[in-house]
Structure formats: C-alpha cells, structure tokens
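Undergrad: Let me begin by handing over the structure; questions about it come next.
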Amino acid sequence: MEKTLVILKPCTVQRGLIGEIVTRFEKKGLRLAGMKMVWLTDEILSEHYAHLKEKPFFQRIKDAMSVCPVIVCCWEGVDAIHVVRTLAGTTNGRNAAPGTIRGDYSMSVQENIVHASDSPETAEIELKRFFKDDEIFDYELKNLLSLYANDEF
C-alpha cells in the first residue's frame, strides 16, 4: 500500500475543520497510519519549502504556516498519493472543483486547507521529515475487502 503525507494547515486548525477533513479521507477508504500536532519551526519550513526559496512569496508562506500548530497525517491506500491529491483539488481554492476539499473550504491559493505530497519520492522524504519510524502504524483495516477487490491490494 502506498503512503502519503497530508498537512492540515493552520487555516484548517483555526477554522475548526480538522475533523471534517480527516473524515473526508476516511470516508474515501484511506487508512490513517500516523497523526500528530506539531508547531513547524523556521528550519523545518525552510527545508519543506526549499523549492520555493527564490519566490517572492516564500517568507509569506513560512509566516502563514507558523501561525499555529498543524496536523501532520500519514495516509495509506492503493494509489494514495493520487487519491489524496484528487480529493484535495487544485492548489487555488477559487479554481478547485466543488466536492473537493479546496473547492468546498478554500478561496485562496495559500490558505488552501491541506498540503499533500505530489509523488512517491516526495512522500517518502516528507514522511521522514515529519514522522519517526515508530510513529507510523501498521494495522489491519477490517473493512479492506469492502474497499478493494481482493487482487487490488
């Protein structure tokens, strides 16, 4: 099963949407393998957003992501990265389709509810950045056969 990182951003925490967003992923059939609240440091933010370092909005993103703690989650499932990104919707909430998380809860390109890993390579790096090995749990999901055909997992 594929694993991916989701960060519930400060705007999600501030608006009291944590439960609703987690429920969306659970209802889809993803398995929550790890979850914790963390306050992102400047060092972690600089590492996480290093690909945006030269952009004029780099500091604004770091400032927004350190307003309050965030919730980091490890979700698991068949094609979990693609599934999570599809559920999340396009980055700009104003353009995201209704029915997606951003389409339903966001009007912003920055305050867009969640961060989601964009590839298996990125997911591996990001999960190691935010979780220790003993913070990711492997357990049997009792409804697995209700979610997938027996040859899909």
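Numbers run from 1 along the shown chain.
Note that Cβ sites are derived from N, Cα and C of the backbone, with glycine treated the same way.
Sequence annotations record features per position, and here Swiss-Prot assigns active site, pros-phosphohistidine intermediate to HIS115. Annotation comment: Swiss-Prot describes LYS9, PHE57, ARG85, THR91, ARG102, ASN112 as ATP binding site, evidence class sequence analysis.
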Undergrad: To the nearest whole angstrom, state the Cα distance for the pair LYS9 (ATP binding site) and HIS115 (active site, pros-phosphohistidine intermediate).
TA: 7
Undergrad: Under 8 Å Cβ-Cβ from ARG85 (ATP binding site), six or more apart in the same chain: what's there?
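TA: Once residues fewer than 6 apart are set aside, ARG85 (ATP binding site) is near ALA116, ASP118.
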Undergrad: Of all the binding-site residues given, THR91, ASN112, which residue's CB has the most CB neighbours within 10 A?
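TA: Going through THR91, ASN112 one by one, the largest Cβ count within 10 Å is at ASN112.
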Undergrad: Within 10 Å of the Cβ of LYS9 (ATP binding site), how many other Cβ atoms can you find? Include all protein chains, please.
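TA: Looking across every protein chain shown, the total is 25.
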Undergrad: In three-state terms from DSSP, label ARG102 (ATP binding site) for me.
TA: helix
Undergrad: Out of ARG102, HIS115, which has the highest number of nearby Cβ atoms, where nearby means within 10 Å of its Cβ, if these are the recorded positions?
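TA: Of ARG102, HIS115, the one with the most crowded Cβ is ARG102.
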Undergrad: Taking only same-chain residues 6+ apart in sequence, whose CB is under 8 Å from that of PHE57 (ATP binding site), what do you get?
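TA: Expected: GLN110.
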Undergrad: Between the Cα atoms of THR91 (ATP binding site) and the residue listed as 'active site, pros-phosphohistidine intermediate', what distance do you get, rounded to the nearest Å?
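TA: Checking the Cα atoms of THR91 (ATP binding site) and the residue listed as 'active site, pros-phosphohistidine intermediate' gives a distance of 9 Å.
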